[in-house]
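**Student:** Handing you a structure now.
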Amino acid sequence: MNQKIVLITGCSSGIGLALAVRIAKDEKKRFIVYATMRNLGKAEALMEAAGRTLGRTLVIKQLDVCNEDSIKACVASLPDGKLDILISNAGMGLVGPIECQSIEEMKAVMDTNFFGLVRLLKEILPDMKKRKSGHIVVISSVMGIQGILFNDVYAASKFAVEGFCESMAVQALRFNLNISLIEPGPVVTEFEHKVYEEGMKTDLSKADKVTADMFTNIYMKNFKQIYESLGQTPEDIAEHTHKIITMDNPPFRHQTNTLYTPMTTLKYADPNGDLPIDTFYKMVFEHDKVFNASLNFLKLLRWRTRKSFAIDKDKSNS
Ligand SMILES: NC(=O)C1=CN([C@@H]2O[C@H](COP(=O)(O)OP(=O)(O)OC[C@H]3O[C@@H](n4cnc5c(N)ncnc54)[C@H](OP(=O)(O)O)[C@@H]3O)[C@@H](O)[C@H]2O)C=CC1
Ligand SMILES: CC1=C(/C=C/C(C)=C/C=C/C(C)=C/C=O)C(C)(C)CCC1
C-alpha cells in the first residue's frame, strides 16, 4: 500500500497530540505519521494515546520549530527524505497589555508561530515542488482573521501566517501543491491553561489603571467562560483536519467552529472594518448587558452559516 508520509509539529499535547493519534488511526491505514515534539521527555501522553499504532503508523521524532538544525535532521530522517503532508501545529499564546510585555516575549511568539512555519517550508518546499505533490496544512486560528482584545501579538503572529500562506498559495497551485489553513476558535488544551496562568501572573504595574482594570476585570474574568461556552475539544479539530487531508480538493481556509463564524463574517460584511470592531466593543464594554446575549446571538446565528460547513454536518459541536 502506498501510505502518505505526514509530519506534525507540537505533538506533546493538545491539538498536535490529537491529530497524530487520529491520523495514525485512519480506518484505511492511509498514513504514516511522524509525530514530532521539541522535548522527547514529554512523549509519554502521546505514547499512551497512540496505543497499538506506536511504531506502526505512528513514529515519534524530535523537532523544535525554532531550530533549523533540528528541522533538517528530522526531515533527513524520513524515508527517502520525502514528505507528503506537513501539519504545522506548534504554537504558543500571549495575552495582556503590550506595556507589560517585553519585546523578547513578543519575539518568542513570532519566532514560534510564524518563523516556525517559514523554517519548515524552506526545508520541505523544494522537494514538494520537484515532485509536484504535497499538502501543507497550517493550524492557524480565528485570530488569523480577526484580532481579539489583549491578544495583539498572538493575533499578529496568526495574521502573519495567513498572509504568508495566502501569498504562497498562488505559487503552490502552479506546482499542484495544496495549502490549507485550519482556523479553530477556542479549543480546550494546555494552551488555555498556559495563557490563563501567564495572564494571571502579568505584572500590571506598567499599565494605566483603565487598561489594567480592563484586562483583569473584563478579559481575564470572562476568559474561562468563553472557553466553557465556545470551546471545542482537540479531538474535534483533529476530526476536521483528518477530513481536510482526505479530500480531493481541500479548501484553502476551514473554520472548525460554527458558533464563532458569525464573528469572522462581520469582517467581510463591512469593507470599512467598523462592524467587527463595534461589535467586539459592545461585547467587551457592555458585557454585563450583552455578553450572555451575545453568546446566545452567536448560537442563533449559527444555522445561517451551517450550510457552508458541510464538512462537519454530522459532527458539529453543541
Ligand atoms: N487552544 C486554542 O484555543 C487554540 C489553539 N490554536 C493553535 O493550535 C496550535 C496548537 O495549540 P494547542 O494544542 O491548543 O496548545 P498546546 O499548548 O497544548 O500545544 C502546543 C504545542 O506546541 C509545542 N511547541 C511550542 N513551541 C514549540 C517549538 N519551538 N517547537 C516545537 N513545538 C513547540 C508545544 O510543545 P511543549 O510541550 O514542548 O511546549 C506543544 O506540543 C497552536 O498553533 C495554537 O496557536 C488555534 C486556535 C485556538
Ligand atoms: C475572553 C473574552 C473575550 C473573548 C475571547 C476569545 C474569543 C478568545 C479566543 C481565543 C482563541 C481563538 C485562541 C487561539 O487561537 C471577548 C469576547 C473579547 C470579551 C472579553 C473577554
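Including glycine, each Cβ sits where the backbone N, Cα and C put it.
Pulled from TrEMBL, these are the listed features:
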type	residues	note
ACT_SITE	Tyr154	active site, proton acceptor
BINDING	10-38, Asp64, Lys158	NADP(+) binding site
BINDING	Ser141	substrate binding site
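What does the local environment look like for each feature on the list?
**Tutor:** In this structure, Tyr154 (active site, proton acceptor) is part of a helix by DSSP.
Listed in sequence order, Gly16, Thr36, Met37, Arg38, Val65, Asn89, Ala90, Gly91 are the same-chain residues six or more apart from Gly10 (NADP(+) binding site) with CB atoms under 8 A from its CB.
In this view, Ser141 (substrate binding site) is surrounded by 28 other Cβ atoms within 10 Å of its Cβ, with every protein chain counted.
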**Student:** Are any of the binding-site residues Gly14, Ala18, Asp26, Arg30, Arg38 near ligand 2, with a Cβ under 6 Å from it, and if so which?
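**Tutor:** Listed by sequence, the hits amount to none.
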